[in-house]
Structures are given as structure tokens and as C-alpha cells.
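Structure first, commentary second.
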């Protein structure tokens, strides 16, 4: 697939007409997965370059709409860190980060809320609508969806929260109505304080609470890479070895650890896919080979799905 900087909207359409037999084979290959996942719940964490490039955004919205149309309950949790930083700059507010986390005072939490709920969330809802889907914007404040407590580093980070509980009632209601909940990761506590929540953590907690079939991270990497190879599957023991050997490093470490905690919480499969590749979501779900890395509970479970 082409990288984001060389992608054009024409890449969302075939350059030439594919042979009818090839089209038929793709559809037949997808059929057992469509049957298998009907009425199942997928939580998708949407972030990275896939949220910035217009053509990638359209591709993602098409993919999500198709998943919903074939009977899969799709729940989106989105980030928006770059958008928050840009909004803050326009308002003359400086963004400060400690160990990759945004320091969030009362002024900054207003920017977070305004940007995630008022801009990023609604843009995603609108784009899905343009492609024939029916989405509803949600924040963790709606129907007590994300209840939070101050994070352990609150003295330094301010209004950055850790998730205490997820109320799934509203999300379930939307899914049963055939809608796609699009969730901005903002939480609250019993005193009415609003918190900035890490989107990966929110997606993980929501997937566990919903007893989801899958949690899918749409990221800026094609999966977990060892040498020149993208791993199709990885188990917990392998991940621990790769972290110890320095093969898995940096920001991938917390994502991998969070993924296995999510597996332990009852979610059946965790996937990391490349948001810079057009239609990677459909290719991961509906083809035998897949295109990303999935986390598995057992080392001998080589099934792509």
C-alpha cells in the first residue's frame, strides 16, 4: 500500500477493473467471517495518520460502515492529541508533556473537551454519515459512560484520569439500534471533575466491559515487527521476551502490555493494523491472511481470527 504522503483519493478506487473471478473470490473468502462475526462487538481505537489524511479518513469511514452493514456492532474510541495541541496554540495555551502524557489543568481540560467532543468527534460522525453509516457522537460524560479517578501522577499531570468503571448501558442501546457509537475519551468523577483519558486505555476498558469479540488498534505501524517481518500472531510469553531483548520498544510497549491485559479481561482477540494502508481494517477482518498482528492467548493458536 502507498504511504500517506503519496496517497490520493483515486487510490480508494481500483486503477483498472479487476477480473470478475477475483472479485468473486474476495467475496467468498469474506463470507465465513461475515457469518462468524454477525452480532459480535468490535471496539476500534482510531488514531494516528488515519485521522489526518482525507483519503485515509474516507477509507476508514467506508470500512466501518461496511462492518456495521454486515451485522457487526462497531464501537469507535478516538484520540485527537494533535488536534488538541493545535487548538491550544490558537488560544495561546502552551502544551506540556511529561513522559508522553499531556499536563492538563482546568484551562487545558476545557480545550480537550472542546476539541475532542466538539470538533474531532463530530467530524468522524459526519464522515461516517457521508458514506451511508449511522453514527452517534458520545463522550464519557454521556449517561455516566466513563467514570474516572485522578491518575497516580495527578500532582504533576493535573486532570489526567484513570478509568474506574464503564457504564455500558448507553453503548448497548446505541448498538442495538443499529448505530455506531463514536466515543471521545473524557471521563468524570463523583465530584463532577472532568478528566482527560488516554484513548488506548479507554478502548481497552470499554472492550472488556462490553465483552467484545475484538479490540482493534488502528495505528501508524503495520503490526509488531521483528527484523523485516511483521508478526501475524504474538502470545504473552513471546511479547515478554521481545520486550526484554529490546525488539519491542518505546510507545509500543504500553500498547502491547495493555493488549494482553485486555485479553486477560475476556476480549477474544486484539489486533494492531496500519491505518496508513487503505482498507486495512477490512483486509484484517475478512481475509485468511490478515494484514496486521493479533495477540493470542495460546502460542499454538495460529488462526487468523
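Don't overthink the numbers, they just go from 1 along the chain as shown.
Including glycine, each Cβ sits where the backbone N, Cα and C put it.
Taken from Swiss-Prot as is:
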type: SITE; residues: 45; note: site 'Transition state stabilizer'
type: BINDING; residues: 80, 81, 102, 196; note: substrate binding site
type: SITE; residues: 255; note: site 'Transition state stabilizer'
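Overlay of Swiss-Prot feature records on the structure.
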residue: 45; record: site 'Transition state stabilizer'; CB count, 10 Å: 28
residue: 80; record: substrate binding site; CB count, 10 Å: 24
residue: 81; record: substrate binding site; CB count, 10 Å: 21
residue: 102; record: substrate binding site; CB count, 10 Å: 22
residue: 196; record: substrate binding site; CB count, 10 Å: 27
residue: 255; record: site 'Transition state stabilizer'; CB count, 10 Å: 19
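Taking the Cα atom of each, residue 196 (substrate binding site) and residue 45 (site 'Transition state stabilizer') are about 16 angstrom apart.
Sitting within 8 Å of the Cβ centre of 80, 81, 102, 196, and not among those site residues for substrate, are the Cβ atoms of 79, 84, 85, 104, 112, 116, 199. Whole-number maximum of the Cα to Cα distances across the substrate-binding residues 80, 81, 102, 196: 12 angstrom. Secondary structure from DSSP puts residue 196 (substrate binding site) in a beta strand.
A strand conformation is recorded for residue 102 (substrate binding site) in the three-state DSSP classification. DSSP assigns residue 45 (site 'Transition state stabilizer') to a strand in the three-state reduction. Residue 80 (substrate binding site) falls outside any helix or strand according to DSSP and counts as coil.
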